[in-house]
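Below: one structure, written as structure tokens.
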Amino acid sequence: MHLSTALFSAIALLAATQVIGASVEVPRDVAAIQIATSPYYACNCPNNCKHKKGSGCKYHSGPSDKSKVISGKCEWQGGQLNCIAT
């Protein structure tokens, strides 16, 4: 009896979790997560390893995700690839 009650409770909890998770929408600011935190990381690893000279890039101008986004192109500067604003 206790086993069937525990099993039923576990299934009900799993079903409720799926329903709650399905109703959550992704916020529109998810794209902001993909923007680099500095001109260096906008053109280099870990997330932008395939960038090369002339590739388009974006980075936040300040320490916050709410900072202005600067767009540019990857260029060699001081021996390293950096995102230069265009």
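FYI, residue positions are counted from 1 along the chain as it appears here.
Each residue, glycine too, has its Cβ placed from N, Cα and C.
The feature disulfide bond is assigned by Swiss-Prot to C43-C57, C45-C74, C49-C83. Marked as region 'Lipid-binding' by Swiss-Prot on the basis of experimental evidence: 44-54. The annotation motif 'Gamma-core' is assigned in Swiss-Prot to 72-83 on the grounds of experimental evidence. Under the heading signal peptide, Swiss-Prot lists 1-21, citing sequence analysis as support.
Shown on the structure are the features that Swiss-Prot records.
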| residue | record | DSSP class |
| --- | --- | --- |
| C43 | disulfide bond | coil |
| C49 | disulfide bond | coil |
| C57 | disulfide bond | strand |
| C74 | disulfide bond | strand |
| C83 | disulfide bond | strand |
For C49 (disulfide bond), the close disulfide-bonded residues (Cα within 10 Å) drawn from C43, C57, C74 turn out to be C43
Would you kindly give the Cα-Cα distance separating C74 (disulfide bond) and C43 (disulfide bond), rounded to the nearest Å?
-> 6
Near C83 (disulfide bond), meaning Cα within 10 Å, which of C45, C57, C74 (disulfide-bonded residues)?
-> C57, C74
What's the CA to CA span in angstrom from C45 (disulfide bond) over to C57 (disulfide bond)?
-> 13
